[in-house]
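Report on the structure given below.
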Amino acid sequence: MDMDDRTSMAGGESIANDGEAAAAGRGTGGGEVTFTVVMSCLTAGAGGLLLGYDIGVTGGLTQMESFLQAFFPEVLRKMSSAKQDAYCIFDSQVLNAFVSSFYLSGMVASLVAGHLTKTLGRRNSLLIAGVLFFAGTLLNLAAVNISMLIIGRILLGVAVGFSSLAAPVYLAEIAPPRWRGAFTTSIGLFANLGFLMADMINYRVTTMARWGWRLSLGAGIVPAVIVIVGAASIPDTPNSLALRGRINEARDSLRRIRGAGSAVADVDVELKDIIRAAEEDRRYESGALRRLLRREYRPHLVMAVMITVFYEMTGGVVVGIFTPLLFFTVGFTSQKAILGSIITDVVSIASVAIAAVVVDRRGRRTLFMVGGTVLILCQLAMAWIFGAQLGTDGERAMSRGYAAAVVALVCTYAAGLCVSWVPLSSVVTSEIFPLEVRSAALGLGGAISSALTFMQSQSFLEMLCSLKYGAFAYYAVWLVVMTAFVAVFLPETKGVPIESMSAVWAQHWYWRRFVKPAFAHGNDHLIYTAAPAQHGGSIARAAHSSSGAVRLNLLWGWRGR
């Protein structure tokens, strides 16, 4: 392996270092963290509250006696049966439909959210998400039958479909490159705060007869109001405003973001880079999804699909939804099962906070590898414990010591997940796509994510009933595959300005065969673009030093396709 190969296998560390240095100075993504940047990023990150609260409240409701008595009495009868297979207590198609309708509507919303986020703006999409979540919560609060519950959950799913796409894009466009990873991980932090909020409410109301479940569902108004008020108070991103031709508003937004102390000249230079990128995007305004299928966008298409698929197949979403059910299965009472879920939430929040601190220091790949190793070991350990204690018929009781070990393993699993795939799936997918295909790629990823989550939420309880402890081994195999994929194919993007991200692919040992080189005018350096060189591609963003661009010297070498 020659020096060029070693540089490529490192995943673009030299680009990251140069990008950090460029970002610290003048140009796109200026390095100063102002009050407006912090508040805007926190508000966008709060979009994760919507997803977190719904997942958290659903897991508690599905084993809450008052809720089951009102809508799913057959599940309640199985919970009371002494000879019931522990693996199959919650295997109910109607209950699965209640859970999965949220993700099905989220999948449909993701198909149109990319276009609407682009035409209406990132901030307005967040506002729409908050309003829809508020409406869905009110409908669920007043539900008197399953149909009302499912219609309400459809509205909640559409809301999360919008917020899940708009929030990462907003954060990626407004956060300084040096701190982009930390700010983008706030989505995962807020999602876990949503889990904790829901579980604490469920813990308090689970013993309330008849109407406790209405409090759990109705409290979703709180995260909805937070997102609505926050989105109404923050500026839209300069990138989004420029993309819609609102240049004066883009300049005002940029000045507000950069702070009163920023020089007018610096703001104007940065705005010119943003306008140039927006003009380039308009050139490719139609057919973004078709463009994503071209060979030169192959790295972006593969990552849009595979990172999304792998995140869903970590089993994290399933564990997040069904943690209280899992603890009930191993022998805990309903309230203690929710208490175990609260402990898991606290561990998750601490882990996301740690990830936010180290993601821009240690890099994305390191956290992926560490987290993947932890997740594999936890899934294998749970498969062994469930197999040894509950057996294949699920009629044996699990001893208290092993039940406590399951709680510890789930907490460890949550920690590994929250320092790796939970925050990084949003960080990586929001920063690697060029502007001209970003919304299409994120929309595709959102649709795939919602489809897989729908399939798993609809089938997991049935799969647990059929595969027994083998369900955990199934996820362990997926984790081995995805960790190997990250090690081989994911380049490091730490500290690289979004406008210079195409250079990362040019250095990678495999993906460089897909990017096209073009010579910058007036120098002897190669710059790289994911778009076709004859059509201008991403040259505008890669060729300007004022935007913190990274140029690859010919001495580094380049190998064509």
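Keep in mind that glycine also has a Cβ here, set from the backbone N, Cα and C atoms.
Source: prediction; values computed, not measured.
Annotated features in TrEMBL:
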- 40-494: domain 'Major facilitator superfamily (MFS) profile' (DOMAIN)
- 94-114: transmembrane segment (TRANSMEM)
- 126-144: transmembrane segment (TRANSMEM)
- 150-171: transmembrane segment (TRANSMEM)
- 183-205: transmembrane segment (TRANSMEM)
- 211-234: transmembrane segment (TRANSMEM)
- 301-326: transmembrane segment (TRANSMEM)
- 338-359: transmembrane segment (TRANSMEM)
- 366-390: transmembrane segment (TRANSMEM)
- 402-428: transmembrane segment (TRANSMEM)
- 440-460: transmembrane segment (TRANSMEM)
- 472-491: transmembrane segment (TRANSMEM)
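With Cβ pairs under 8 Å as the measure, the transmembrane segment (126-144) is packed most heavily against 150-171, out of 150-171, 183-205, 301-326, 338-359, 366-390. Counted over residue pairs 6 or more apart, the CB atoms of the transmembrane segment (94-114) and the transmembrane segment (440-460) come under 8 Å in at least three pairs, which marks the two as touching.
Most Cβ pairs within less than 8 Å of the transmembrane segment (440-460), among stretches 150-171, 338-359, 472-491, belong to 150-171. If you look at the transmembrane segment (183-205), the same-chain residues 6 or more away from its ends with a CB under 8 A from one of its CBs are 37, 41-42, 44-57, 59-61, 64, 167-168, 171-172, 175, 212-213, 215-216, 219, 222-223, 320, 324, 335, 338-339, 341-342, 345-346, 348-349, 352-353, 355-356, 359, 418, 422-424, 426-427, 430-431.
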